[in-house]
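Trainee: I grabbed these lines from Swiss-Prot:
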- 1-22: signal peptide (SIGNAL)
- 23-139: domain 'CUB' (DOMAIN)
- Cys71-Cys89: disulfide bond (DISULFID)
- Cys164-Cys197: disulfide bond (DISULFID)
- 214-453: domain 'Peptidase S1' (DOMAIN)
- His252: active site, charge relay system (ACT_SITE)
- Asn265: N-linked glycosylation site (CARBOHYD)
- Asp308: active site, charge relay system (ACT_SITE)
- Asn332: N-linked glycosylation site (CARBOHYD)
- Cys371-Cys390: disulfide bond (DISULFID)
- Cys401-Cys431: disulfide bond (DISULFID)
- Ser405: active site, charge relay system (ACT_SITE)
Amino acid sequence: MCWLLLWGILHTCPTQASVLLAQQFPQQLTSPGYPEPYIKGQESHADIEAPEGFAVRLIFQDFDLEPSPGCEGDSVTISTRGTDATRLCGQQGSSLGSPPNQMEFVSSGRSLRLTFRAHSSKNKVTHLHKGFLALYQAAVSQPNGDAEAFTTPGANPPEIQNHCPGPYYKEEQTGTLSCPSSRKWKDRQRGEEVPECVPVCGRPVVPIAENPNTFGSSRAKPGNFPWQAFTSIYGRGGGALLGDRWILTAAHTIFPKDSIYLRKNKTVNVFLGHTDVDELLKLGNHPVRRVVVHPDYRQEESHNFDGDIALLELEHRVPLGPSLLPVCLPDNETLYHSGLWGYISGFGVEMGWLTTKLKYSKLPVAPREACEAWLRQRQRTEVFSDNMFCVGEEMQVNSVCQGDSGSVYVVWDDRALRWVATGIVSWGVGCGKGYGFYTKVLSYVDWIKGVIECKDRCPEA
């Protein structure tokens, strides 16, 4: 029997129904399994009822359904007595469908029905579409058919508390939302429209196991490095998830130093969410919407890797979970102190062979003077700028090799209690013993944030 009395979440029987009571404070309503990808071949109905004399107000905070012309495929339908039903599908920026954006739905009576349909498919799991997250609330019904939200005592305009689905998301700005005369929910302190739920970074569900041999590589367990990306452009490379839509990587994986085609990259393929290459390929490529390479990167200068950093914006947000979580950005120089230990993970060459499993190594931040002396002894001409740092020990095995480029070096931030990507695998002198040289992410944090937060006239590669 799939008739359930719930207070906010649809469960996952193939066809199901729920009756929800709208109250003074907003409650969450999500698609089955949100924020994990929803399963094909199911249908859910939620009838939301308000007390006598009140209406139902519904606002979507997140919406990500598979797009289709006219929303004939997967869809959410909003219906209320006396009005035409509204069918929604797609996601932000979709060229197909009709996503709700920040639309507000208010019932004409005291009830509203939401129907979620995911059509049957040979592939039971959709293409990593996570469904929806909505807030519903009772609102005072007015004679003219309008509605006003319950007023928090002493609050003018009306206010509600913002909530996000943990543990993978948190409120961008904790506190209260208000509904002024514009009838759009805004952050009371900053005056912005409904704040987004932002991903929690740097906190894997599965702790990283200590490597008893200290040096050398170990096989990663699922969830150890949930930010790890596998890229395929001019060959295999790596990267790290930032937020739920961006990949941090090295510029030279996109525009290689030895390429005869300057500033012309091939198709960029990004795979996420597993520690096995074969399984990653089965999960499918995440299409890239935009490639942004740092302006200081000089592809034609073979001995200068300054500015070796790039960002890949994915077409769609990815559903976060134990195997797919973002890493954090650094915010202070103490994370680069000599002797501080960190981890590097990747799918690079090991003992001359390409690996199909994610490996990781524990390596220390090296003294800058030691790395400079090491380069001089070998008469190397590569630029070692202040935007770089080095990792490893001169006489110990350095397991980083071809195929690891773009992957990140992470250290534990004792103050913030999270893993931070301080470096990006950039260049080295062969594989084996010695030091590896990394892009210093701290030097580029302002640039990274500027690109990610850009809304107009954004830079392209």
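Backbone N, Cα and C define each Cβ position, glycine as well.
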Trainee: Along the domain 'Peptidase S1' (214-453), what average pLDDT does this model show?
Mentor: 90
Trainee: In whole Å, how far is Ser405 (active site, charge relay system) from Cys371 (disulfide bond) when you measure between their Cα atoms?
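Mentor: Taking the Cα atoms only, Cys371 (disulfide bond) lies 19 Å from Ser405 (active site, charge relay system).
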Trainee: Using DSSP, break the domain 'CUB' (23-139) down into helix, strand and coil residues and give each count.
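Mentor: So the domain 'CUB' (23-139) is made up of 3 helix, 54 strand, 60 coil.
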Trainee: Could you check which of the recorded positions (Cys197, His252, Cys431) sits closest to Asp308 (active site, charge relay system), going Cα to Cα?
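Mentor: Given the candidates Cys197, His252, Cys431, the nearest one is His252.
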Trainee: Measuring Cα to Cα, how many angstrom lie between Cys197 (disulfide bond) and Cys89 (disulfide bond)?
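Mentor: Distance between the two Cα atoms comes out at 20 Å.
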Trainee: Looking only at C-alpha atoms, tell me how far Asn332 (N-linked glycosylation site) is from His252 (active site, charge relay system), rounded to the nearest Å.
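Mentor: Just about 26 Å between their Cα atoms.
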Trainee: Rounded to an integer, what is the Cα-Cα distance in Å between His252 (active site, charge relay system) and Cys431 (disulfide bond)?
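Mentor: Spelling it out, the Cα of His252 (active site, charge relay system) and the Cα of Cys431 (disulfide bond) are 18 Å apart.
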Trainee: Output the one of Cys71, Cys89, Cys197, Cys371, Cys431 that, of all these disulfide-bonded residues, has the highest number of other Cβ atoms within 10 Å of its Cβ.
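Mentor: Answer returned by the neighbour count: Cys89.
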Trainee: What's the CA to CA span in angstrom from Cys89 (disulfide bond) over to Ser405 (active site, charge relay system)?
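Mentor: Given the Cα positions, Cys89 (disulfide bond) is 38 Å from Ser405 (active site, charge relay system).
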Trainee: Taking 10 A as the limit, how many CB atoms besides its own sit near the CB of Cys401 (disulfide bond)?
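Mentor: Taking every protein chain into account, the count is 22.
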Trainee: Looking only at C-alpha atoms, tell me how far Cys401 (disulfide bond) is from Cys390 (disulfide bond), rounded to the nearest Å.
Mentor: 15
Trainee: Do any residues at least six apart in sequence from Ser405 (active site, charge relay system), in the same chain, have a Cβ closer than 8 Å to its Cβ, and if so which, in order?
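Mentor: Long-range Cβ contacts: Gly237, Gly238, Ala250, His252, Thr253, Gly348, Val425, Ser426.
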Trainee: Work out how many Å separate Cys431 (disulfide bond) and Cys390 (disulfide bond) at their Cα atoms, rounded off.
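Mentor: One finds 14 Å between the Cα atoms of these residues.
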